[in-house]
């Protein structure tokens with residue numbers, strides 16, 4: 001099981017305010033075929049102990065295309081919402097990504113295309129995201145230290161973002177003032 005501590009801040013919208021603060025996130029990947037797995041996520045707010053997120057996602061990988069596709073269910077708990085009401089507000093998730101390596105001589109520099117669609121229980125779309133990222137991985141920057149830099153652009157929100165990952169630490173910053181930090185335990 002993969003476990004991480006996540007801290008988010010800087011949001012100005014009410015729904016982002018409810019997701020700020022320290023959260024404990026757990027993820028389990030269960031292989032079900034050679035190129036497929038079932039991925040379960042769960043998250044609780046560290047201060048209240050209340051669940052903030054639960055998800056179950058079927059992911060299929062296409063190695064020859066450097067792509068993957070995921071389909072699943074997610075529940076976001078907001079403002080200590082009682083459990084039966086939260087289950088009434090679950091959403092469907094469809095996500096896809098494709099990696100492009102423009103310089104075959106340097107496989108550590110690449111372009112990622114990502115898309116995600118969320119739909120309510122009646123299959124009405126509620127949120128869409130699409131992004132393009134330039135990703136650069138630097139192995140052994142210092143002994144035992146791997147670094148990954150990502151510069152991305154959210155196409156639908158017309159907003160750039162940045163990610164810096166160093167071994168167990170990840171820092172994300174968005175041009176609208178939001179940020180988050182993750183530490184993988």
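Glycine is no exception: its Cβ is also placed from the backbone N, Cα and C atoms.
Residues or ranges marked as region 'Disordered' by Swiss-Prot: 1-22.
Looking just at the topological domain 'Cytoplasmic' (1-29), the mean pLDDT is 82. According to Swiss-Prot, the feature topological domain 'Cytoplasmic' maps to 1-29 (among others).
Per Swiss-Prot, the feature topological domain 'Chloroplast intermembrane' maps to 40-63 (among others). Packing against the topological domain 'Chloroplast intermembrane' (40-63) from elsewhere in the chain are residues 5-6, 19, 21-28, 30, 69-77, 80, 86, 93, 95: each is 6 or more residues past its ends and has a CB under 8 Å from a CB in it.
Summarising the annotation, Swiss-Prot assigns topological domain 'Cytoplasmic' to 74-88 (among others) and lists sequence analysis as the type of evidence.
The feature topological domain 'Chloroplast intermembrane' is assigned by Swiss-Prot to 99-105 (among others). Only residues 6 or more beyond the boundaries of the topological domain 'Chloroplast intermembrane' (99-105), in the same chain, are considered here, and those with a CB under 8 A from a CB of the stretch are 66-67, 111-113.
Listed by sequence, the residues of this chain that lie at least six past the ends of the topological domain 'Cytoplasmic' (116-128) yet keep a Cβ under 8 A from its Cβ atoms are 74, 88-96, 156. Swiss-Prot lists 116-128 (among others) with the feature topological domain 'Cytoplasmic'.
The topological domain 'Chloroplast intermembrane' annotation in Swiss-Prot covers 139-145 (among others) and rests on sequence analysis. Sequence-distant neighbours of the topological domain 'Chloroplast intermembrane' (139-145) (same chain, 6+ residues past either end, Cβ-Cβ under 8 Å): 108, 166-167.
As annotated by Swiss-Prot, topological domain 'Cytoplasmic' applies to 156-160 (among others), with the evidence given as sequence analysis. Secondary structure of the topological domain 'Cytoplasmic' (156-160) per DSSP, as helix, strand and coil residue counts: 0 helix, 2 strand, 3 coil.
According to Swiss-Prot, the feature topological domain 'Chloroplast intermembrane' maps to 171-176 (among others), an assignment based on sequence analysis.
Per Swiss-Prot, the feature transmembrane segment maps to 30-39 (among others); the stated evidence is sequence analysis.
Per Swiss-Prot, the feature transmembrane segment maps to 64-73 (among others). Listed as Cβ neighbours of the transmembrane segment (64-73) (distance under 8 Å, sequence separation of 6 or more from its ends, same chain) are residues 39, 55-58, 90-101.
For 89-98 (among others), the entry in Swiss-Prot reads transmembrane segment.
Here Swiss-Prot flags 106-115 (among others) as transmembrane segment. For the transmembrane segment (106-115), same-chain residues at least 6 beyond its ends with a Cβ under 8 Å from one of its own Cβ atoms are 95-100, 128-139, 150, 152.
The feature transmembrane segment is assigned by Swiss-Prot to 129-138 (among others).
The annotation transmembrane segment is assigned in Swiss-Prot to 146-155 (among others).
Annotation comment: Swiss-Prot describes 161-170 (among others) as transmembrane segment.
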For the transmembrane segment (146-155), distant same-chain residues with Cβ under 8 A (at least six beyond the ends): 112, 129-140, 161-167
Distal contacts, the transmembrane segment (89-98) - CB-CB under 8 A, six or more residues away: 55, 57, 65-76, 81, 112-121, 123, 126
Long-range environment of the transmembrane segment (177-185) - Cβ separation under 8 angstroms, sequence gap at least 6: 2-12, 16, 25, 168-171
For the topological domain 'Chloroplast intermembrane' (171-176), distant same-chain residues with Cβ under 8 A (at least six beyond the ends): 10, 12, 159-165, 182
Composition by DSSP (helix, strand, coil) of residues within the topological domain 'Cytoplasmic' (116-128): 0 helix, 8 strand, 5 coil
